[in-house]
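Visitor: Below you'll find the structure I mean.
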Amino acid sequence: MLTEVGSRQFSAVPVEQLYTQLKCAKDGLTTGEAAERLKRQDKLFRTESQFKKELKLLFRQFFNPLVLLLVVAVLLSAILGESSDAYIILFILLVTGLLGFWQEVNAGRAFDRLKKMIEMKHTVLRNGSTVEVATAGIVAGDVLKLAAGDIIPADCRVVESDELHVNESTLTGESYPVEKAPGEVDATLPLARKHNCLWQGTNVVSGTARALVVNTGSQTLFGQMAHSLTQTPETAFEKGIRRFGFFLLRITIILALVILIANLYFKKPLFDAVLFSLALAVGMAPELLPAIMTFAMSAGARRMMKKKVIVKKLSSIFNFGEMNVLCTDKTGTITEGNVKVKDIVDAYGIASNEIRLYAWLNAYLQNGFPNPLDKAIVSLNLSLNGYEKINEIPYDFIRKRLSVAVRNEQQRIFITKGAFTNVLEVCTSVRSKNGDTEPISADIRDEIEKRFIAYSEDGCRVLGLAVKQLENEKINRRDEQQMTFVGYILLEDPLKESAQASIEKLEKMHIGIKIITGDNRYAALHAAQKIGMKNPVVLIGEDLDKLSPEALVIKAKQTDVFSETEPHQKERIVKALQKSHFTVAYLGDGINDVAAINAADIGISTNNAVDVAKEAADFVFLEKDLAVLAEGVYEGRRSFANSMKYIFITTGATFGNMLSVACASLFLPFLPMLPKQILLTNLITDFPFLTIAADRVDEDQLTMPGQWNLNLIRNFMITYGLHSSLFDLATFYILYFHFRLSESPFQTGWFMESVITEILIIFIVRTRKFILKSKPGKLLVITSSIAVLMAVVLPLSPFADILGLSIAHTRQVIAIILLLLTYVITGEWLKRWFFKRSAQKG
Ligand SMILES: Nc1ncnc2c1ncn2[C@@H]1O[C@H](COP(=O)(O)OP(=O)(O)OP(=O)(O)O)[C@@H](O)[C@H]1O
Ligand SMILES: [Mg+2]
């Protein structure tokens, strides 16, 4: 079915023949047929089922080279004799792997549910009526109804169109919209000239159409290219984590090898030595890192969801926490976005029914993308009065005008409305008080402009309105000249009451605000002042274009309000701010915001935005509200802070512990810990480690943007590694030289010390305050208590024997408790010293 038509040749096939080939009809497929095709399509494209995806995830847990090596070694040792140990080791590895798997699956499922909420929907004919279908549900033979702002979900043929203009820049790089219409086009022509085809991934700029779906999924032009394009760039945090993981892994492998060679040199039994160094390597490797990151991010995503923010790409949560400048549009964010017509007046400010009708005809008959301004005018509910539409010139963000040509029995009129300045600039005359047309003199122009400024400063959104008589019915952009200025459309869009409070909140979180709008300077300035910006600096689009890129970097930093901007200028502003090392968020919902959303570090859109904006964004707000944004930033910072805790802990305590065990093995006549005990330590501490992702975070860590700082981590690792090793040495000394313990009690002592210090360090490092002054998360307290309890109880339990654990006397336990107490006190002191010093260094 899908291949019959041929991937790109369908432009020359007559539409009727396409219908036959695709076995479908003008009014679409039936629901049953569509379901049938979807099944076949999924098979053909090998769409991965949920089960398969999760199975893969399960395998990945065990496909860690270190774990595999260990399994091989264990199996070998079992064959050669020591089978009971082998079972225990395999069991511990299995549980550890399942734990990671369970975490990742849960996180993944929750994330998928969230993504479903903001899934893109397309209007499709099924059983002859229109239904909304998600992109993945579109099949060949479907008939689509398209409107401005829609993303085209498949490769299609246009079967009906009305002024359809499509942006194909994703495919051709050409950003000027191309007109599309039904017909047949030679198959050998280049892509850009196939005016009867629509390609997946491009989007409708204006007009409407019906289109027949020919190719879907990986068979589309875009699908074939996409294989090489799907790699999204890593965020700074992801990159940091990945490098850090490799760094730890390298150290681990080198250490394990050194230990192995040294142990062999000291003539320890071969298998013991191999198992010991492999268990150490497994213990040291930050194997939970991916699980913790995913968990921290998805926990963040779930909490954000409660605050009406949907995360489209999990890893961008950390970016969210790092944001320090927010660029936002005006409509719907600063204002209610609920535009209403306040009045429609002539050039002298007097209400007029004739001009009211012109404004309404223009808004009612236009066919471009839905927008709040036209919606407001349409709701005046006037009647056509015998007028009918001839044609239109759709709105675009450069002209900032929209023209519609109409006719009735007596006349043909060309009606233009748009941003005031852009309308006045195409007018040479004005409708005078007695209804005549007179040329615009300098005085009159002055008066018209003054009135416009007065309306704007009063908080109105002002559009200009102009008309002219048409000689014939052929119209184009060049007709927008020598027009007659007839009046103003006054719209009101009240400021949001919550805007000021939200902006103050964001400022407290050290996030700067910049308003970027296409509206005029007076209205923008008015809004900025109303929401509490003091002496805002305003830059208009025209002046911005005169600045060199270097000058803009400086100017953008100082400017609070950018007005009268065009889409590419919005993008330039974002890029200029990034050059000053800001992490920039951009919030917008229009086609004209897409370039800026893409350029920003954090692209934000809203659920009722046009498809293209939603698609470009990393975050989608269910409600367009700055208060929501502040909450989202908190969650981002929280996820970041919790991930950092885990990194501090694995690098500090875990690593230090394993390192000293390794060193001790060189000086002891027996192993300081058995391989199974090392893995057990690892497993017991994994439970509390995993709950760190959901831990509470101190308020003072949330007021500043988080930043990935490898230096800080490295210094921390050295400081706490040394601290930890010092206590290990003390343990070593007391257990071996003071108490002269034999193998099993010695190992037990060290096992207890290792588990409990790793738990204690969590509580020290999780806050920068005094340990008892910050309340930890409930789950963390519970899992940590269980871990400590296990460390104490296991040596006394029936499992003690198979785990090789035993306690020699109570003095041994008391000594360890004293040791742990000093560990906490010095650890606290060290923390204070460390963060104070790193703060001083900046
Ligand atoms: N449908 C329309 N008809 C006529 N004029 C329009 C229309 N839409 C917008 N304009 C004019 O163009 C100006 C810029 O609008 P645009 O939509 O480009 O702004 P924006 O950057 O999206 O601003 P915002 O901050 O309000 O989202 C508007 O202030 C208005 O004067
Ligand atoms: Mg907008």
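Glycine is treated like the rest: Cβ placed from N, Cα and C.
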Visitor: Out of 348-367, 608-627, 748-767, which range is noted as transmembrane segment by TrEMBL?
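Guide: It is 748-767 that TrEMBL annotates as transmembrane segment.
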Visitor: Can you give the mean pLDDT for the domain 'Cation-transporting P-type ATPase N-terminal' (9-82), rounded to a whole number?
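Guide: So the average pLDDT across the domain 'Cation-transporting P-type ATPase N-terminal' (9-82) works out to 81.
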Visitor: At least three Cβ pairs under 8 Å linking the transmembrane segment (247-266) and the transmembrane segment (646-671), pairs spaced 6 or more in sequence?
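Guide: Counting Cβ pairs under 8 Å, at least 3, so yes.
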Visitor: Select the range from 86-105, 646-671, 715-736, 779-800 that forms the most Cβ-Cβ pairs under 8 Å with the transmembrane segment (812-830).
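Guide: Checked against 86-105, 646-671, 715-736, 779-800; highest Cβ contact count belongs to 715-736.
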Visitor: Could you give me three numbers for the domain 'Cation-transporting P-type ATPase N-terminal' (9-82), the DSSP helix, strand and coil residue counts?
Guide: 52 helix, 1 strand, 21 coil
Visitor: Determine which recorded stretch among 86-105, 646-671, 779-800 has the most C-beta pairs below 8 angstroms with the transmembrane segment (715-736).
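Guide: Looking at each of 86-105, 646-671, 779-800 in turn, the most contacts to the transmembrane segment (715-736) are made by 646-671.
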